[in-house]
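J.: What TrEMBL shows for this protein is this:
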DOMAIN    A:2-222  domain 'NarG-like'
TRANSMEM  A:6-23  transmembrane segment
TRANSMEM  A:44-71  transmembrane segment
BINDING   A:H53, A:H63, A:H185, A:H203  heme b binding site
TRANSMEM  A:83-106  transmembrane segment
TRANSMEM  A:126-143  transmembrane segment
TRANSMEM  A:180-198  transmembrane segment
Amino acid sequence: MNTLLWGALPYVAFALLVTGLVWRHRYDTFGWTTRSSEIYESRLLSLASPVFHYGILFVLAGHLLGLFVPASWTDAIGVDEHVYHLFSLIGGTLAGLLAITGIALLVYRRRTNAPVLLATTRNDKFMYVLLVGEIAMGMYAKVTNSSFSSGYDYRTTIAPWARSLFTLDPRTDLMTGAPLTYRIHAVLGMILIAVVPYTRLVHMFSAPVQYLFRPYIVYRSRGPLTEQPRPRGWERLDA
Amino acid sequence: MRVLAQVAMVMNLDKCIGCHTCSVTCKQTWTNRSGMEYAWFNNVETRPGQGYPRRWQDQEKWRGGWRLNRRGRLTLRAGSRVARLANIFANPVLPGIKDYYEPWTYDYRNLVNAPLGEDYPVAEPRSLLTGKPMKIEWSANWDDDLGGSVEHGDADPLVVRARAQGEQAAEKVRAAFEQTFMFYLPRICEHCLNPSCVASCPSGAIYKREEDGIVLVDQDHCRGWRQCVTGCPYKKIYFNHRTGKAEKCTFCYPRIEVGLPTVCSETCVGRLRYLGVVLYDADAVTAAASVPEDRDLYEAQLGVFLDPEDPEVRRAAERDGVAHDWIEAARRSPVHALVSRYRVALPLHPEYRTMPMVWYIPPLSPVVEALTETGFDGEDAGNLFGAIDTLRIPVEYLAGLFTAGDPAPVRASLEKLAAMRAHMRAVNLGEAESGSPSEAADAVGMTGRGIEEMYRLLAVAKYEERYVIPTAAMGEARRLEESALPAECSLDHDGGPGMGGEGIGTGGPGPFGEDSGRRRLPLVSLENFHALRRRQTGDDEAQR
């Protein structure tokens, strides 16, 4: 079980993520979008969506910092465990609160606004349950295992395990000591990573950073007027 | 100088009878699909009026188009690139569905299924967004023919602006309302030279075609960020709320490519639309769009257009890869004639700085009518010139639409149209000789021959004169014709009915929502291009 969860599942999730992205790009570039519902309802969305997205971006940054920056590095710049813990507790909880407030509002909006609800697929509902569960579990794990004076130091167990995944030598034994809530959070997280390409979450991989660097006006040539293989959505209707 | 060709349109508003045929045929061709029920790539608005979507001209609110920043450089009115990306999670100025209208259908089943009763059964309206019964309160042309103008006529942003200009203009607009003056304004995408929708697209999915200047959305690369809807000041980009993608007027590019006019032009009852090639200098566009004064933008845009009669221009065009038949088409272009040679056509809202390419000849007819009613000779040049300033619809209002508020070009255009009437009457009554100068022609600085050529173009021009469209590639015409015919049995394709697939039009959500997955979309149907062309342009009945 240990090996399955902490030795195999991470790689399965990663493989599903990568193959899923490639598959979706080839099979369904047309559907690669979040199908915005802003046109139905914008008042609540204009508040909730930025709150959630900025919150979740802070959360992501926090996870990258916590998992992939070893304690020895932060020690080297004079940040000891207690200072780091306070920073992680307060910063992380604030970011988590932003994200959870945002997504709560978003789900409320989705549930109460008739056109928005009608445009919600089963796939979306599954994704929302998983996402909300994951965020809530993370908050719960953090808050129940911490106080201002001390807290569970995941940088001696979970973080080294996460880094060991990249050297293809997973130290599964490290995870056995972690609190159950953290372990559930980690498993849900891996499932979430695995389903990203198969849900609307895929939109995170089309963050349009290139917009900052391209010329304003885009010209494109019509190209040769020959019969080309038709991408999905452009199949011939036939006479 | 970099010469590019653009297929452009001119609409003669004098002839528009507001029948909406263009809108309906366009809808049947392009937007009769789920998710696009509310979208009209072509719509006809009554002026004065709010338009569609409501009050789209109010850029203080919708923040479309360009403005000049403090350093005098062009920037999107909606904000810098960084500001737009920061707002990507919720676009703060996106028109909601209610700003267009909530699409609906009727519960027709009730007409036959209703139980026997005292009352005649009715088909109740049902919202296409929720499926629930709804009250119809607005649509794409709710204020058609000034309907409801007493209630919300003041909502027209141009009326507000004209009133703000001073007492005299204010008095005129009020008078115009009491005398119920109106005209129609058909609108499609402007296919601008400096398109702000293209500049707004974070994904880079909207592009302007090098060959013909048509602005298109790459559906496979659009990620549904909705910034283009805000960026377009004409609000001519629509968000497909089922597929989550932006869609817009395509200038019927599959028809244009084979030399056929757009559907709206083809079906126009008043024959008021003209299509033709305009050559322009792509390197001069940004400078022209950046002139400090809004009122200079009309002249600046005229300065970007190149004269295809100039051998220098023709050489440069050949050098830059414009096909020979396109250059020849530019010389015969009715659009070039109306815009640059006669200068009777004007751009719509040049102050948005997008350099629009669908131009309008302002309406004059009501002046003639009004004059005749008062007992004057409605076609006498002197009377007409005097009357232009006392139009029931003030020149100021037209100037607000077409020249950023400068009345001079509008007046000049109307005077030419008036002079044309007077001159042609003189010719027809034998008072003047055809081709010779007349008082009316002199007054507007045109020769008799010039004015008669303009008359021919505006009054009698046939199909081939109104639509001068070079085909995409003559050499490839045959191949195109073949590609329009199925090479194999039309049912045998992957997933088609012949292979046990679902076939066309069997909707239903895919794995990632509506229309996702490998599913066939009913997008565009074309009859054999050349067969269609023969049928529509052939003289001989037997050929049809």
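Glycine residues also receive a Cβ, built from the backbone N, Cα and C atoms like all the rest.
Automated prediction, rather than curation, is the source of TrEMBL annotations.
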J.: Count the other Cβ atoms sitting within 10 Å of the Cβ of A:H63 (heme b binding site), across every protein chain shown.
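T.: Excluding its own Cβ, the number within 10 Å is 16.
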J.: Per 10 Å Cβ neighbour count, which of the binding-site residues A:H53, A:H185, A:H203 ranks highest?
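T.: Per the Cβ count within 10 Å, the most buried is A:H185.
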J.: Per the record, heme b is bound by A:H53, A:H63, A:H185, A:H203: how many Å separate the farthest pair of Cα atoms?
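T.: This binding site's residues have a maximal Cα-Cα distance of 23 Å.
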J.: Could you please provide the mean pLDDT value for the domain 'NarG-like' (A:2-222)?
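T.: The average pLDDT of the model in the domain 'NarG-like' (A:2-222) works out to 94.
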J.: In the three-state scheme derived from DSSP, which category covers A:H53 (heme b binding site)?
T.: helix
